[in-house]
Amino acid sequence: MSSKRFAEVIVEVKSSGVDRPFHYEVPEAMRDRVHIGTRVLVPFGPRRLEGYIVGLAEAADVTKTKAILEVLDDEPPLTPDLVELASWLSERYLCTRAASVQALLPSGMRAKASTKLQLVDEPPAVTPGSLEAELLHTLQESPNRTKEQLIAEHPRWRSILREWTAKGILKESYQVKQGAQMKTVVYLTCAVQGESFQSALAELGRAKKQKEVLAYLFDQGEPVLMKAVLSELNASTATLKPLVEKGYVQKELREVLRDPYGIEHGRLEQPLPLTPLQRSAYDQIAAAVASEKPETFLLHGVTGSGKTEVYLQAIASCVQQGRQAIMLVPEISLTPQMVERFKKRFGDAVAVMHSRLSAGEKFDEWRRIRQGDVTIVVGARSAIFAPFRSIGLMIIDEEHEASYKQDDHPKYLAREVAMYRGRQHGATVVLGSATPALETRWWAHQGQIGLLEMSDRVLGQNLPKVRVVDMRNELQEGNRSMFSSSLKQGIEKRLEKGEQIILFLNRRGFATFVLCRSCGYVARCRECEIPLTYHKARGLEQLRCHYCGYAERMPHVCPDCGGDHVRHFGTGTQRVEEELNRVFTGVNVIRMDVDTTSGKGSHADLLQRFRNREAQILLGTQMIAKGLDFPNVTLVGVISADTSLFVPDFRAAERTFQLLTQVAGRAGRHQLPGEVIVQSYNPQHYAVQFAKQQDYDRFFQHEIRVRYGVHNPPFCELTAFTSVNVNEDESLRIARKLEERLRNAFGGREDVTLLGTSPAPLSRLQGKYRFNVVLKYGRFKQVAEQIRSVYQELAQEAQKAGGYLSIDVNAQMIL
DNA sequence: AGCACGCCGACT
DNA sequence: GTCGGCGTGCTC
């Protein structure tokens, strides 16, 4: 840190045009407060914007420089490694550095500058009834309105304001408001001692309550929380006011950190003894952490093998060495019970981070991490950005979960961020799962990452019986309903016994596929092996591949068996609920899907109601797969394995296998014997069969060959572009042009495959038409520059056309 | 991104 | 003649 005459600032504007450092002079008085990572307020054109410093220099490479207006932090919120991480995120996921920094910092961190206006002595002469008169009136009536507010309400006032400011009629000054405020609480102290205390009591005379409060505070002899005093003595602020005014009691504001969980942990729990397999996994992780070299492991442990205990002890060992640990869990698993388990083991050393915290709570948890008050963070995806000084261990539990990919910019994959930070900090990354993502398992297989296997169940619990019902037989026997006779009987039996039932509708998609109900045939693309999707446009029934764009006419006779039971498929939870009510009269059903769980806390509420046995049946999508630990549930039904098997996504088989395995592994963990019924028109499908047998290895062997055959990850990486526009022709035109540009850039390259323009699986969303172009390549580094320049050009053109072009590097799902 | 400037058509 | 439409270009 040689000199600080000039600062290189990235301005908080999410536009590629300004995503580069701008130079600002650092006023003498600010020199010792600016560092790399410090946020500042800078003039930018006619505006004032927040920005953050990425470099300091003796000279600027441009002649005209403005000066920094204000330094927004005493401590830089971004450590140098986080500044570096932000740059990497922008390069890897093709987004602006402003977007990356926003992802790194808690949302409440953003400061906003507004402009205050002040009329200077003589008001200007205005024509009555004119715009000027109206503005003048507003300025005089409500002098607290900011310039930005006024312009937002009346855009035409802008030029007048500018003119008046130039003429000196108006004076502008800016004020900065930090996003999240520090929370303060009031403490009270008795301000009178000894004799003056006695005389104060006397002076209060008949004010009994006031005397009581004063005496209480005098006895305490130290500042007491106001809230505690009031509730203890059953007093109100009205009692307090005169005491403060007379100077007997002193008020004091203290900053506090909000505690979103407030779990009383009492005495900390001790680690549990480890089984030999757990010990072996633990030893290897602990050794890697101690080595301070970046290393990644897959911890492949079956459900019930005790992964969490390994995590807890590995974290303990990391913390013992004076380094910090991050533990990621899927958002939906981050329940109070889960947090409690950590708090009971580590007490106050744990911070929690997830999206349901309020902005203020997030801000405070973040500050506790930044200040070094905690050494462990448990959180959802974004907790991977925890601003620790020296990370020793990062754990991603259920690493295969789709929720570890962020769906807006930067569209990062938590696993990749963890590995990058691992290299920065010399930290160990542990990816844990019972059903690892195929890529992860493949890397472990190839020796690129370490493999730790835990194949035994700690408590030797029994697996529930899994029955796969062939729905084709049901049809043959004349049962046209969505419930097989086995499932129907199973439900009836439970209802009679007063036991509970969970029904899954593992429908991830929206797209409808085409299936023959007689033989289970599913129409697929010949090139991609992806199920074709049903479309009806202008009375024409079509099947299209959402991957490559191939289209054919909807068959009315099954190409396989010649039968006429070819139907398009796709059922919502609502329809199942109706059907349930029709078939089982008087049954209480709790339905859980995006519609019924949108409210805050409604997810937990519904599960609690089910736990309280307010309903016999819980019906939902995979979001209920995590909540399977209900002692009274003895039947789990999967309405149709096919609905997740035939979504147009090359990961469909993997996702189905994972879901079914999870269901089978978790149902019936309690005293009552559990049963799982899986309905399918394709009961012989390998994903269904291997899930039934709980055989990950054989599923992996099979699926990896499929991936190799059609050249999909892990044998390549995918980047998806989506052109979006209200105008279908424009949307298509941009996608086509993008395709052409990419073809030019990569023509003849063996390591690159271009999947041409095709309608997105969500082909029309919010009235906008979406087309996809997908690029497959071996190594991102070898295509990054070309992708960047083509993307920038077309993104601009898409914008001119009134739409936009989005990019998803290392796309996990193509929508 | 968001703002200013500048060049065109349609109005009091 | 002027107001306001949006295309273009710049921001240390």
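In case you wondered, yes, glycine gets a Cβ from its N, Cα and C as well.
Whatever TrEMBL says is automated annotation, not expert-curated.
As the structure is a computational prediction, the values presented were derived from the model and not from experiment.
The feature Zn(2+) 1 binding site is assigned by TrEMBL to A:Cys516, A:Cys519, A:Cys558, A:Cys561. The Zn(2+) 2 binding site annotation in TrEMBL covers A:Cys525, A:Cys528, A:Cys545, A:Cys548. The domain 'Helicase ATP-binding' feature in TrEMBL is assigned to A:288-454. Summarising the annotation, TrEMBL assigns domain 'Helicase C-terminal' to A:553-707.
Distribution of TrEMBL features across the structure.
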residue: A:Cys516; record: Zn(2+) 1 binding site; Cβ neighbours (10 Å): 24
residue: A:Cys519; record: Zn(2+) 1 binding site; Cβ neighbours (10 Å): 18
residue: A:Cys525; record: Zn(2+) 2 binding site; Cβ neighbours (10 Å): 22
residue: A:Cys528; record: Zn(2+) 2 binding site; Cβ neighbours (10 Å): 21
residue: A:Cys545; record: Zn(2+) 2 binding site; Cβ neighbours (10 Å): 24
residue: A:Cys548; record: Zn(2+) 2 binding site; Cβ neighbours (10 Å): 19
residue: A:Cys558; record: Zn(2+) 1 binding site; Cβ neighbours (10 Å): 20
residue: A:Cys561; record: Zn(2+) 1 binding site; Cβ neighbours (10 Å): 15
Length of the line joining the Cα atoms of A:Cys528 (Zn(2+) 2 binding site) and A:Cys516 (Zn(2+) 1 binding site), in Å: 20
Euclidean distance between Cα atoms of A:Cys558 (Zn(2+) 1 binding site) and A:Cys525 (Zn(2+) 2 binding site), Å: 15
Cα distance (Å, whole number) from A:Cys548 (Zn(2+) 2 binding site) to A:Cys516 (Zn(2+) 1 binding site): 23
Pairwise CA distance, A:Cys561 (Zn(2+) 1 binding site) versus A:Cys545 (Zn(2+) 2 binding site), rounded so that it is a whole Å: 22
Shell of the Zn(2+) 1 site beyond A:Cys516, A:Cys519, A:Cys558, A:Cys561, same chain only (C-beta within 8 angstroms of their C-beta centre): A:Arg517, A:Ser518, A:Gly520, A:Tyr521, A:Pro559, A:Asp560, A:Gly562, A:Gly563, A:His565, A:Val566
Sorted by sequence, non-A:Cys525, A:Cys528, A:Cys545, A:Cys548 residues with Cβ within 8 Å of centre, Zn(2+) 2: A:Arg526, A:Glu527, A:Glu529, A:Ile530, A:Leu532, A:His546, A:Tyr547, A:Gly549, A:Tyr550, A:Leu755, A:Ser758
Secondary structure of A:Cys516 (Zn(2+) 1 binding site) (DSSP, helix/strand/coil): strand
Whole-number Å value for how far A:Cys519 (Zn(2+) 1 binding site) lies from A:Cys548 (Zn(2+) 2 binding site) (Cα to Cα): 27
Rounded inter-Cα distance in Å - A:Cys519 (Zn(2+) 1 binding site), A:Cys545 (Zn(2+) 2 binding site): 22
Distance [Cα-Cα, Å, rounded] between A:Cys545 (Zn(2+) 2 binding site) and A:Cys558 (Zn(2+) 1 binding site): 18
